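Listed features, source TrEMBL:
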type	residues	note
BINDING	40, 41, 42, 43, 44, 45, 46, 47, 48	ATP binding site
DOMAIN	36-237	domain 'Cytidylate kinase'
Ligand SMILES: Nc1ncnc2c1ncn2[C@@H]1O[C@H](COP(=O)(O)OP(=O)(O)O)[C@@H](O)[C@H]1O
Ligand SMILES: Nc1ccn([C@@H]2O[C@H](COP(=O)(O)OP(=O)(O)O)[C@@H](O)[C@H]2O)c(=O)n1
């Protein structure tokens, strides 16, 4: 159902008072106020920073990118065409994924198998942006994220714009491609120039869903330490988030 309520048109359609009683709308609205979103470009520090902020607040953090990565891994393993949304979705429905949003690091499971360690391989890095532009896959990820109980810190590309537009605090992390590649080179077998080229390509493929929210605080993490970024964010959180 399409929401016609002007005050809520940027919330998800299911929260429209034409569908739900006002008390339920209020509950959904309040629940979003206890969410912190940390979006940004690839390797800008989102998951490390989200983990640090979440631990300081005593809440979990949620990595949306891991769900896109897991969908990509399953598609690759099944030999599917990554552009084929109906085939991918059918596969995801018969092989359900579960995101475990722990404060110390997110894990992804498919039945009894843990996929987490396989999600940051070069082949998943290469395929994930193809899968992530499919609207059907985006809706599948969004539904899983919106079903999680707040409070939590959510990180990705469109947490503050599309998934949790009423979040209590929004941040957007950037850094130059070269600095990001130098950081990621600690975690990948490729050299800095190859990683930098792949990051620039992925930034371009992810450009549409990666625009910062208009009300996000943009932080250039280039000159900051990891702890410096975490402290910068903690210092700007509103009370409804810190007291949640
Ligand atoms: N401000 C920072 N200074 C130095 N290293 C950082 C900083 N932020 C993140 N890192 C490191 O950069 C790498 C990529 O960070 P990560 O959190 O995985 O980014 P993302 O989730 O955006 O891909 C990790 O090795 C992390 O420890
Ligand atoms: N909210 C999100 C999160 C990730 N993604 C996609 O998933 C990919 C992997 O995201 P990630 O956050 O794990 O990647 P890194 O930034 O850590 O390299 C991105 O390159 C995007 O294609 C997205 O489209 N929207």
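Along the chain as shown, the residues are counted starting at 1.
Placement of Cβ uses the backbone N, Cα and C atoms for every residue, glycine included.
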Taking the binding-site residues one at a time (44, 48), which has its Cβ surrounded by the most other Cβ atoms within 10 Å? 44
Measure from the Cβ of residue 42 (ATP binding site) and count the other Cβ atoms within 10 Å, all protein chains considered. 24
Using DSSP, would you call residue 40 (ATP binding site) helix, strand or coil? strand
Where ligand 2 binds, which of the binding-site residues 40, 42, 44 are close by, with Cβ under 6 Å? 42
Across all the protein chains here, work out how many other Cβ atoms are within 10 Å of the Cβ of residue 40 (ATP binding site). 25
How many other Cβ atoms are found within 10 Å of the Cβ atom of residue 46 (ATP binding site), counting all protein chains shown? 28
What other residues of this chain sit with their CB within 8 A of the center of the CB atoms of 40, 41, 42, 43, 44, 45, 46, 47, 48, the recorded ATP site? 49, 155, 173, 175, 180, 221
